[in-house]
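S.K.: Can you keep this structure in mind? I'll have questions shortly.
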Amino acid sequence: MKLSTNVKGLKGRIRVPGDKSISHRSIIFGSLAKGVTTVRDILRGEDVLSTMQVFRDLGVQIEDDGNLVKIHGVGFEGLQAPKNKLDMGNSGTSIRLISGVLAGQDFEAEMFGDDSLSKRPMDRVTIPLRQMGVEIAGRTERDLPPLKMKGSRELQPIHYQLPVASAQVKSALIFAALQAQGESVIIEKEITRNHTEDMIAQFGGQIEVEGKEIRIQGGQEFTAQEVTVPGDISSAAFWLVAGLIVPDSKIVLENVGINETRTGILEVIEAMGGRMTLSDVDPVAKSATITVETSELKGTEIGGEIIPRLIDELPIIALLATQAQGRTVIRDAEELKVKETDRIQVVADALNSMGAAITPTEDGMIIEGKTPLHGAQVNTLGDHRIGMMTAIAALLAQSSQVELERSEAIKTSYPNFFNDLEGLMHG
């Protein structure tokens with residue numbers, strides 16, 4: 001598709017779609033709780049719909065009237081063996097978290113996904129699950145999907161040090177540990193997003209978190225809840241950056257989730273000198289209204305413990321850095337290589353084709369700013385975040401057309417992205 005270029009004056013208010021991480025987990029916890037869980041403002045992107053369909057295939061009744069989702073929970077012991085293979089689509093979250101759920105079930109299941117998911121290594125989940133007594137195998141020594149598995153009702157607890165900072169791996173092990181016979185201890189490499197831990201408490205379960213150490217007792221039961229999903233800061237990130245770099249812009253984002261394990265991008269914007277204010281802060285819902293305006297930005301260094309708190313925002317942060325004066329260095333982000341694409345290389349290639357000066361490194365990138373951008377042809381390679389990053393970059397392109405191939409990937413997390421962009425352009 002042809003993207004809008006050379007745009008000025010983005011103005012308006014946006015309510016970004018529901019948080020993807022919380023949407024996935026609300027379906028999982030609702031299915032594993034006893035009673036009827038209701039979920040408002042759920043994200044209806046393709047990844048979350050994959051999770052919803054998988055739990056239907058596992059015997060859970062889920063109603064969705066387009067406004068409210070009702071989940072008739074069956075508890076851990078009420079899941080049924082699926083009649084067919086379980087389709088995870090493009091969703092790494094689905095396959096990893098659900099493998100943890102299935103670890104404590106005594107039936108066989110096979111999980112598969114699309115071409116992109118089939119290239120993503122699952123060994124970081126399968127290795128600890130095997131230690132707990134799960135039979136699980138994929139393709140090659142990295143356990144690429146499809147994954148065939150048979151869980152166990154006599155799951156052994158685990159004491160495990162995570163070799164990578166990954167909320168998905170941590171959450172898979174937590175779901176398994178909840179079904180194990182005794183106490184499990186999981187130690188994180190760096191603190192990652194904690195939605196799973198928060199929701200265990202919300203659904204009436206017990207979990208102890210002290211710094212990077214997590215303790216979970218097996219054999220727990222959950223009680224149905226009413227869940228309202230805040231807006232996704234990872235989706236809001238595209239508008240935060242657009243508002244900062246497109247001339248004469250002011251964008252107001254309502255009901256954005258500001259869970260402390262996800263707000264790294266706000267710290268980066270402050271470090272770069274961005275004009276940004278938070279209002280209507282709700283400490284219980286962990287949400288706020290965020291306003292950004294066009295700003296003079298300066299380069300910064302991004303690395304260490306902040307990386308897990310902005311891992312999904314790094315593609316759009318790279319674009320932000322191309323419009324900042326001076327050098328920005330991103331390091332400790334090797335996890336980007338095993339996302340939907342190798343996001344280090346793909347981000348550099350896409351933005352460099354538009355005139356940026358980005359050098360990919362083993363664990364991040366070096367970005368020289370400020371650089372003018374121009375037209376190019378960019379392929380998302382099926383990665384939703386590359387698609388949205390390119391659409392925002394195109395707004396700055398001074399000459400020639402920006403053509404985006406495989407733009408449908410954006411529906412993974414933000415089905416109404418282009419409608420919202422249109423609204424801001426006419427705001």
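Positions of Cβ are set from backbone N, Cα and C atoms, glycine also.
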S.K.: Which of these, Asp41, Asp143, Asp312, Asp363, does Swiss-Prot say binds 3-phosphoshikimate at the same site as Lys20, Ser21, Arg25, Ser166, Gln168, Lys339?
M.R.: Asp312
S.K.: Give me the CA-CA distance between Lys20 (3-phosphoshikimate binding site) and Asp312 (active site, proton acceptor), in Å, as a whole number.
M.R.: 11
S.K.: Of the residues named as 3-phosphoshikimate binders, Lys20, Ser21, Arg25, Ser166, Gln168, Asp312, Lys339, how far apart in Å are the Cα atoms of the most distant pair?
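M.R.: Overall maximum Cα spacing for these binding residues reaches 19 Å.
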S.K.: Could you give the Cα-Cα distance between Gly92 (phosphoenolpyruvate binding site) and Ser21 (3-phosphoshikimate binding site), in whole Å?
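M.R.: Approximately 11 Å lies between the Cα of Gly92 (phosphoenolpyruvate binding site) and that of Ser21 (3-phosphoshikimate binding site).
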S.K.: Just to verify a number: CA distance, Ser21 (3-phosphoshikimate binding site) to Asp312 (active site, proton acceptor), in angstrom, no decimals.
M.R.: 11
